[in-house]
Amino acid sequence: MYNESPIIRRKSSRIYVGDVPIGDGAPIAVQSMTNTRTTDVAATVAQIKALENVGADIVRVSVPTMDAAEAFKLIKQQTNVPLVADIHFDYRIALKVAEYGVDCLRINPGNIGNEERIRSVVECARDKNIPIRIGVNGGSLEKELMDKYKEPTPEALLESAMRHVDILDRLNFDQFKVSVKASDVFLAVESYRLLAKQIVQPLHLGITEAGGARAGSVKSAVGLGMLLADGIGDTLRISLAADPVEEIKVGFDILKSLRIRSRGINFIACPSCSRQEFDVISTVNELEQRLEDVVTPMDVSIIGCVVNGPGEALISDIGLTGGNRMSGYYKDGVRQKERFDNNNIVDQLEAKIRAKVAMSESRIPAQDVTK
């Protein structure tokens, strides 16, 4: 099966966010950000756990006030996934959450303050072995850069990032990653491409403020897809005006599409037409919901007729090809004698998938339980 990605990733240095490796060939980490009030500890903890359940490697939490910093302490005690504290304006908040076991500090060069304040944050991070993300955003560039460039440009985002990279270099601090996000795809992509040529540190990817679930997913897939295909990127966040859980799902779907990193079922399904012998759309939708808990990577093709069905099944772990009343079943690219009743496809296919997952994870004896 054609599963190897042809992408050659950019060489970068290695940092750790908690126990998650970032850069230097480590799996590209998928992260999201809570949208609850951080001072609502119960709601924030619940959302973090929901994100962890769908595979989030890292979760970012906004910490806008000292009260939020105190809440962060409680949140950290009740969660397991590495947490990034998102800090703007008041550098003292960064110093406070560092005391509470934060796994990474995100600072915004556009509003964190002068070099002396950055020095205080860096010395604290060094002392406690906490990495930093320099998070440049096209919507909050420094005033002098806006005066110079008149608008956000790739060169402006790059200059903002490099100013702070230089500060960290002068302070002999190399445990950091960098992002240069923008809401415009071309602006973000060109900014990252320029930055990738300038530094060796890991890059955190994102199209900021991408939009709602549908449009934002498309915009992020286009922008991040361009960068990832170039080998650029060590961690990513899909920024959606939607449930943060969707950000994780879309992030993994993008990585899965490029064969960079797979998690769970990769459904290969036809859009359906009058040749379909069963309801493809409802079958796929139902199986996606039922199998959300599956982590093991697996390709499952669900094709409604025999035009493309057999060909797709040949390169799938499990394949289904629509037939008159009974549909053909393939396992590891081989047509099986067993056929599926078109009126009971979802239950039958779920059982086969779960059995194969169990075999892959060695939870049951290695025998053909699906023949």
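Note: Cβ is positioned from N, Cα and C throughout, glycine not excepted.
For CYS270 ([4Fe-4S] cluster binding site), other Cβ atoms within 10 Å of its Cβ number 20. According to Swiss-Prot, the feature [4Fe-4S] cluster binding site maps to CYS270, CYS273, CYS305, GLU312.
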An 8 Å radius from the center of the CYS270, CYS273, CYS305, GLU312 Cβ atoms defines the neighbourhood of the [4Fe-4S] cluster site; name the other residues of that chain inside it, in order.
PRO271, SER272, ARG275, GLN276, VAL280, ILE303, GLY304, VAL307, ASN308, GLY309, GLY322
When the number of other CB atoms within 10 A of each residue's CB is tallied over all shown chains, which of the binding-site residues CYS273, CYS305 has the maximum?
CYS305
Suppose we draw a 10 Å sphere around the Cβ of GLU312 ([4Fe-4S] cluster binding site). How many other Cβ atoms does it contain, all chains included?
20
Could you tell me which three-state DSSP class GLU312 ([4Fe-4S] cluster binding site) falls into?
helix
